[in-house]
């Protein structure tokens, strides 16, 4: 009887436990429905329920409330440029849709940077929500993806302006750059983030985008769009965010893969692991937990115990409840970027792949960097920095050079992002360098303008430049010549012109073409190593192309004697060399100017003086008579071997190449006094005494210095030398006339012979092809003849009447 009573009691207990389990299922099911996640996972405890309530809700409104909300919302049309831009993004990036998440997280990070910066001077800025995070949640059941940040948020006006008009988005420039990239066949995905239009990439995967935002200075609003138009309305739920923005994407059918946790996690790690704020993903994991055993299981286990001594000891101790280990699936926010800021870690602990991944993350580039340097500067100011040289030059690198801010150096103070809008963080010529600078010595609670004038920034700038030049210097020669110089060579030349304190360092980075090799470029160090034994100058020749420079009459004797000549073929090259007075103790010599001299023996000197005396009549005649108003003086040349003559500038005058450049600039800006002055400077006319034309001219001048033919020949030689020396002729028509006159004389044609007049053309008779047309013409002629006869008869009668 007693056994039956015990058995009945056990049944009651089992039934009660079953009811409790069913109740727990119902409670957990409600929580799951609220979160929009799968019902297949194990149930969660009360602590997790509280965390789930912090998860992002879709609307908190039923279907009828949502419909009413949309009916009352204010409708807006996108600007035409924004509409065009969205279509361009969707059409050009459809194969790289995943970048939408990178852009949304990047925008969230920017919003967090802004509120953190505001909080430095406004202690109430974080009152609505002190947490600075990005949270991502997938809702498979409702086909929704949420991205929430606790950043600065947007007011109603900002929602309209930032997400619907061109004023804030940089759309116009983006469209131009996008078109250029497509024409060049280059990747366009990195352009999205660079021009602040990354938000619109959400439409790559979403049919509809809903933005809920709360700014400290406004109530919470909802922005909604299907890419055709957008609407904005006050959120009837009130302030559910505290502060920040939630972007909800209603995903397209083919984009359902972005609701998979593994996909989202991989994308966050791929693109955003170096974001400076924690990124959480609402995800599940399996945990092993201890649960109390039921009484029947516990009793069974006790019976299986065979150790009597253990049993005795257990009886003596206070009996503990029996437990068992079970696996349970729980949901929680999982941190995806728990990596310490890479620049705060010792460089020895950072792998090469980590640097590359960080570069791509913060620069929004798709290629690996060409070079990088990670260092800690100590002394007057302490800071940590990582600097990168990109593989290719940014688009528009020299557009409005010096007037546009550089966005490539990000300044942090005590890990707090301050700005990327400093004009003087790096010199203009290093505007391609990207990186971060983090200092503990700069003040936090001051304005950007005040910080920009801080004396420590000048110290930081100086060290950044030195480290950048060290980084560039370490690039391997082959990679430097083939890649770096092609992309950034002009920047180095501008640095020589602008940066006096680092001119010597920059000079070692210069590369030019030279006569040493038909295609390879050379450094100045290599040139100096190859100089002839008694050569004391570095020779260079400037021209619009290598072909023009190496065919110039100025390099004839130099090349024949085995001297190497550097060819300057870019407009900035001659400015660069002028700013560099010497290199390694060797001065530069422009071979198109006065001052080119060669070592000569005593006998050579005597021969030269004898030749000068022999040609003195011709030289004086040219200077005082034939070319009186055109040249400063005429001399026997030491640099010509094949050409009859050349026009040489003074040491302070302009070469032909420089004059051409300056005149082109003058036409754009309007001529100034200095341009006119240098352009009007007379030059030295050098003649080649061994050339047959010059020798014959000497003979003719000795015979008759008033011979007009010889005078014309002298002027033609001067004008030809002007062109061959790289200068422009002021009167090309007169030059053409003189050439024609010389040709007439060479062909024994009378200089005054006129051009034959063209004969007058007689009107052509038209012949009709068809018989019908001919007959019609005959009829018309007969009618016309009859009319003429009648007219003559009438005129005759009138005349007779007049006589009577």
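Placed from the backbone N, Cα and C atoms, the Cβ positions cover glycine too.
Summarising the annotation, Swiss-Prot assigns N-linked glycosylation site to 62, 107, 217, 445, 481, 502. Feature annotation from Swiss-Prot assigns phosphoserine to 64, 172, 306, 403, 447; the stated evidence is similarity to another entry. Annotation source Swiss-Prot lists ATP binding site at 107, 149, 162, 199. According to Swiss-Prot, the feature N6-(2-hydroxyisobutyryl)lysine maps to 168, an assignment based on similarity to another entry. The feature region 'Disordered' is assigned by Swiss-Prot to 288-323, 750-804. According to Swiss-Prot, the feature compositional bias 'Acidic residues' maps to 289-317, 757-793. Look at Swiss-Prot and you will find 404, 633 tagged as N6-succinyllysine. The annotation site 'Important for ATP hydrolysis' is assigned in Swiss-Prot to 448. If you look up Swiss-Prot, you'll see 479 marked as N6-acetyllysine, on the strength of similarity to another entry.
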Check: same-chain CB within 8 A of ATP site center, minus 107, 149, 162, 199: 104, 108, 110, 111, 154, 163, 198, 211, 245, 247
Inter-residue C-alpha distance, residue 633 (N6-succinyllysine) and residue 502 (N-linked glycosylation site) (nearest angstrom): 40
Which of 107, 217, 481, the listed glycosylation sites, has fewest other Cβ atoms within 10 Å: 217
Sparsest-packed among the modified residues, when each Cβ's other Cβ atoms within 10 Å are tallied, from 479, 633: 479
Secondary-structure category, per DSSP, in which residue 217 (N-linked glycosylation site) falls: coil
Cα separation, residue 502 (N-linked glycosylation site) to residue 217 (N-linked glycosylation site) (Å, whole number): 49
Three-state secondary structure, the residue listed as 'N6-acetyllysine' (per DSSP): helix
Among the ATP-binding set 107, 149, 162, 199, as the record gives it, the longest Cα-Cα distance in Å: 17
Entries of 149, 162, 199, 481, 502 which, being recorded positions, have CA atoms within 10 angstroms of residue 107 (N-linked glycosylation site): 149, 199
Packing count at residue 162 (ATP binding site) (other Cβ atoms within 10 Å of its Cβ): 19
Which same-chain residues, if any, lie at least 6 apart from residue 199 (ATP binding site) yet have Cβ under 8 Å of it: 103, 104, 107, 163
Distance, residue 479 (N6-acetyllysine) to residue 502 (N-linked glycosylation site) (CA atoms, angstrom): 23
Inter-residue Cα distance where the pair is residue 162 (ATP binding site) and residue 479 (N6-acetyllysine), in Å: 43
Nonlocal neighbours by CB distance (under 8 Å) for residue 149 (ATP binding site), same chain, sequence gap 6 or more: 108, 109, 111, 112, 133, 134, 135, 244, 245, 277
All-chain count of other Cβ atoms within 10 Å of residue 502 (N-linked glycosylation site): 18
Distance from residue 162 (ATP binding site) back to residue 481 (N-linked glycosylation site), taken between C-alpha atoms, in Å: 44
